[in-house]
Amino acid sequence: IQSLPLLALLALSGPGTSHAAVNQHLCGSHLVEALYLVCGERGFFYSPKARRDAEHPLVNGPLHGEVGDLPFQQEEFEKVKRGIVEQCCHNTCSLYQLENYCN
């Protein structure tokens, strides 16, 4: 039952279907399994950051203590938040999009 989303992804990505048309929510181990499937021997790039670092990139960054409450902080945070989890777990992604994370 744990691999059901991955099996659905495989079934829909068979011959005669467009890779870009198959969009799935893939989170946690399902996301990792899908990356192994898509990337194969090439492997994939995955470098998780600590939750604190992702939530407050400027506070924990090189300007720590110098930035204060500037209006651009929220904009910077939104840029940092984009990644494979944002793209494929919080939203949906296709096999084609997963390939962007392969080595």
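Cβ coordinates come from backbone N, Cα and C, glycine included.
Because the structure is a prediction, the values reported are computed rather than measured.
Looking up C93 in Swiss-Prot gives a disulphide bond whose other cysteine, out of C88, C102, is C88. Taking Cβ-Cβ distances under 8 Å and a sequence separation of 6 or more, the neighbours of C88 (disulfide bond) in its chain are Q24, H25, L26, C27, L31, A34, Q97, L98.
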